[in-house]
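**Student:** One structure, pasted below without further comment.
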Amino acid sequence: MGGCMSTPEAPKKTAETKQVPSTSTSSRPPQASTSATATAAGAGTSAANGTANGIKGDTTATNRVGTSGGQGLAAALASTEPPGAQDSKGNKDRSNQIDRQLEDDQKKFRKECKILLLGSGESGKSTIVKQMKIIHQNGYSKDELLSFRGVIYKNVLDSAQALIMAMRKIGVDPEDANNRSYADRILEYRMDAGLDAVIPSEILYNIESLWHDPVIPSVMDRSSEFYLMDSATYFFANIRKIAGPDYVPDEADVLRARTKTTGISETRFNMGQLSIHMFDVGGQRSERKKWIHCFEAVTSIIFCVALSEYDQVLLEESGQNRMQESLVLFESVINSRWFLRTSVILFLNKIDLFKQKLPKVPLVQYFPEYTGGADINKAAKYILWRFTQTNRARLSVYPHLTQATDTSNIRLVFAAVKETILQNALRDSGIL
């Protein structure tokens, strides 16, 4: 695979888009004093550098094909004897041969690349797929946006009911008497099935009132004790828009809409000269047995990890820490015999939520070995180190900090990812 470097001293910025793979297996944690992981803002800046690198990669590839053909043409001309020494047929044959070689190289280069999206449940895989539609497939039509309305209503209701049940579990009631009755009403409400289902505006306004109850901040401080989807706070904050009679979700809403991925879905799009087939598979345990069908001839894996999940438990097993589950899954993927020639692009996702949570919920409570306090760079670098420790197969790993719900961030990061995929495609095609 590609060149190697030691991750504990590793990429000076996790999101830096210089395509230097990380393959370290050092057993020592990174030094807390080293700031080697970019912040969310750094992710965007360094990804911009990757854009230049990606363009450079494309230019290099083009020059490689063009130069080899040009050298062949020069050699053919240099060997041509003075006029009249040969018949024109020989020159034409040589020219045709050069043209055929150039055409063959271009056909090799235009190969289809398979990318497999892996990661535990709710790590951001499906959000990445939605971003590819927005960035590379002209986004969503109005009808497509409307198709998410029922999903968003269900997300809002499920989140409100989960919050109320959590309040009762920890023994907290709303301070406002009206909100106490609203909580009962919300908990009893059952939404109709189907994409066209709606929630009465009265229920939505009850949810808004409950969300603004004075007791809610103290409940949210204990969010590691119960399950609440990441987008809950976003939808609660936008409840008035959602409650409108003519509500049409926008792309920001769609990116945060949550549905469980079942089976395998494929998205096709072009990135420059590359034709990409991206496979999104279910992240829940029950879905992982289906992944095997996607493993053959994969160019790259994008493995998504939610940085903010370090204090959260699995949806399907409340006693299992999500970050530990992701580590186990990553270890099984990166050391699998299916991926011996595959590069792994590691998305350390949800950097925005991680930055908000870290000062309130110390990472050391869940990883006693960590010594970096509330420093976002040190914390992200430590988590990266934990993942690279599992890389016994010493595959090339390309880490990036991401915020999957931010289209501008993903656009810039994928400019860098393109270079990685491009180099693998060129290598596999025999051009490199």
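For all residues, glycine too, the Cβ spot is worked out from N, Cα and C.
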**Student:** What range among 102-107, 138-143, 174-179, 402-407 does Swiss-Prot describe as region 'G5 motif'?
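**Tutor:** Here Swiss-Prot associates region 'G5 motif' with the stretch 402-407.
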**Student:** Can you say which of 225-232, 233-240, 345-352 is given as region 'G4 motif' in Swiss-Prot?
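**Tutor:** The range carrying the region 'G4 motif' annotation in Swiss-Prot is 345-352.
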**Student:** The region 'G2 motif' (253-261): mean pLDDT?
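**Tutor:** Across the region 'G2 motif' (253-261), the average pLDDT comes out at 92.
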**Student:** Sort out the residues at least 6 away from either end of the region 'G4 motif' (345-352), same chain, that have Cβ-Cβ distances under 8 Å to it, and list them.
**Tutor:** 14-15, 39-40, 43, 119, 123-124, 128, 230, 300-309, 330, 376, 380, 383-384, 387, 397-406, 413, 417, 420
**Student:** Looking at the binding-site residues E122, D230, D352, which sits with the largest number of other Cβ atoms within 10 Å of its Cβ?
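**Tutor:** Going through E122, D230, D352 one by one, the largest Cβ count within 10 Å is at E122.
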**Student:** Does DSSP give T261 (GTP binding site) helix, strand or coil?
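**Tutor:** For T261 (GTP binding site) - judged by DSSP and reduced to three states - the answer is coil.
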**Student:** With Cβ-Cβ distance below 8 Å and at least 6 positions apart along the chain, what are the contacts of G124 (GTP binding site)? List them in sequence order.
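**Tutor:** The list for G124 (GTP binding site) reads C304, A306, F347, N349, K350, T402, A404, given in order along the sequence.
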**Student:** Which of S126, N349 has the fewest nearby Cβ atoms, counting only those within 10 Å, among these binding-site residues?
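**Tutor:** Result for the binding-site residues S126, N349: minimum number of other Cβ atoms within 10 Å at S126.
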